[in-house]
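Chemist: Under the heading ATP binding site, Swiss-Prot lists 172, 173, 174, 175, 176, 177, 178, 179.
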């Protein structure tokens, strides 16, 4: 009987028995390997190619079986560059899926997709490892408690609050601030949260990965003097990696997070930047595996691949995984199959708008497009819910009036509409906020605003108590008291 690696426990490597095959064909990152009759590896088994290239350099490439082709051939995807591989090279079947180190030994370290440390800080204790392919927790193991996760970011906490143990997506095109927002969330939550975090860098810029590492060392989330006291494990498979690595690095990060949840019974934060690159890597590999492309050229297995990752990110009775994922939106088109498939799995969506970014309003979160299943009076309370709805109504009315203002000017509006526009512009500016991680760029110190303070501030604007203050007083401030103080300063400067 053959064990299915997706449901089996941690398998034991069988390198001693050495089930050997050899390379028959290489197409970019995809290899065809021939094995002796009756010795075919299972799907998802890890294969290792060891040898020397034509100039005598040592080669060590790990691949993952994706398809059984018949005639004793399997098709596998390489997790690192296939440069130097030649036909006829020997391939060893490890007899198990890729396994990565898990547990306390991973904290404060940077890993690649194979679970190998890449931070030059020496080897990692690999006594506890776990396979990256597992089935999702059973339905009866899931936890259904509803509670809010406070982030300290006004626009998020008020209009699209995050669920503790839920899945959150940050949607935006290129350059509207997804990574900065994720770094601010790491700064605010990972520090206040006290639990452990796992960061999966999937197909993003290496520079950003480096910046994040340096920032975490500065803020103490990674403790350089005593690595074991660090609060985060980092797993990177960046833009320069082959598609096999980018396709699996999310699973490596998730496997580490699952261990903290299931074995250590902790509440874990899982950051993934960027989930779109996971889909993109699958799409790159799909055609080479001989699959017919589906909508917009994506892989036909898009929703299955996404589901197998997302369904494992969940809260059980042992502990919770709260996942925050950045989602790149190609050409700002939210109907593209990649972001559209991601939407289905999320509890809250934070949509970033290029229009707001162009106005200089950061975080550029669209108050009308962003949604959350948590924004219900029974969960957040009547006061919060009413305030959020009024803010949305005012913003919506302002959006409707913009065409009239552009053609006829403000003077043609009724008194009531003019007041709505003035308040909406104040709300728009008050939704901006200085970030801790952006202090170097903006020069203004970051602000954390509690939920009660946020609700109070917007209630004051909506009630009309602050109608006399200039709108620039609300731009890039923390709570409402800072806005009134800024207004007094502006008044003093103008005299």
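Every residue, even glycine, has its Cβ placed from backbone N, Cα and C.
Small disclaimer: the values here were computed from a predicted structure and weren't measured.
Walk me through the surroundings of each of these features.
Modeler: In the three-state DSSP scheme, residue 175 (ATP binding site) is classed as coil.
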Chemist: Sort out for me which one of 174, 176 has the most neighbouring CB atoms within 10 A, since those are the binding-site residues we care about.
Modeler: 176
Chemist: What is the number of other Cβ atoms found within 10 Å of the Cβ of residue 172 (ATP binding site)?
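Modeler: Excluding its own Cβ, the number within 10 Å is 28.
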Chemist: Using the recorded ATP site (172, 173, 174, 175, 176, 177, 178, 179) as reference, state which further residues of the same chain have their Cβ within 8 Å of the centre of those residues' Cβ atoms, listed in sequence order.
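Modeler: Apart from 172, 173, 174, 175, 176, 177, 178, 179, the close residues are 328, 352, 357.
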Chemist: Work through the binding-site residues one by one (173, 175, 177, 178, 179) and point out the residue whose CB has the fewest other CB atoms within 10 angstroms.
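Modeler: Minimum Cβ neighbour count within 10 Å, taken over the binding-site residues 173, 175, 177, 178, 179, occurs at 175.
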